[in-house]
């Protein structure tokens, strides 16, 4: 009798273990199918090329709202962008020997410049700087320094924020989507965001672009479907923040060369985004690209000539010419532009991903 009872117990235990095993197998199979189905897009490029802005656009375009804590974090980032940017301009005006338009603004400049960058900028603290910064932004000396910003390190967003200071300086201020797109915070480490597009999971992987962050890129290479490589087209006359001497455009070309010729990416579609076309459009009117790239043969103030030259700079770095180089000229802060471009990119990626799955 005892033997029979033990046999029944063992039988029940075996059944339970088999059911558990099958459940695990089913989940593993589901995970494998989800993994194979997930489109993994790696965003690469030098620092300040627009990778994080592109990722924010993906959230906006595909209806992934920002939570309240996200908005509060962006507000702090925006406050810091403005105050620290104005401090850079105050310092640059002094070092460039540009006279004040109105010496009455010296008091405001001293107050803003005294801000300790290590302190947190909350609403109450930021509001103390609003009126002084409005006066400073109107000063001809500060604006003259701003016009020479290629000679020092200044973020792209300061002008937008200063022109919207009346709104941003309100006690009840909440960042708009446009504000969020202009907010600049250097990416540290690896950020992953999965967004479902037409029922297909797209995982966007954003990795810091500064030199100190690039060793982390190799952690993200496995299982990648596509690489979107972003390069800032407007920075042909600027140098890196890291060493203050390397041309930013040449740095982007060098990074692109290492990626496009990497044997790990033979079956990965690589799409080049020549970004910040809005800034390039304005810059070519004033700056001669031949002063920085003597090999340029076209009209230095013709936007199309400059675009063709830049595309050739990147295309010439490819060793394997058998595959086409997919490219787009983009403005990452322009939602309509990115939505239109991404439709083409999405179709290319899904087509290549389908072919890859069929071969597995």
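Each Cβ is built from the backbone N, Cα and C atoms, and glycine gets one as well.
The GTP binding site annotation in TrEMBL covers 48-53, 156-157, 181-187, 206-210, 275-278, 332. The Mg(2+) binding site annotation in TrEMBL covers 52, 187.
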Binding-site residues: 52, 187, 275 - member with fewest neighbouring CB atoms within 10 Å: 187
Helix, strand or coil at residue 52 (GTP binding site) [DSSP, three-state]: helix
Neighbour count (Cβ, 10 Å) for residue 332 (GTP binding site): 25
Number of other Cβ atoms within 10 Å of the Cβ of residue 181 (GTP binding site) across all protein chains: 24
DSSP-derived structure type at residue 275 (GTP binding site), helix or strand or else coil: strand
Least surrounded among the binding-site residues, given as 48, 185, 207, when other CB atoms within 10 Å are counted: 185
Collapsed DSSP category at residue 185 (GTP binding site): coil
Cα distance (Å, whole number) from residue 187 (Mg(2+) binding site) to residue 52 (GTP binding site): 7
Pairwise Cα distance for residue 207 (GTP binding site)/residue 187 (Mg(2+) binding site) [Å, integer]: 7
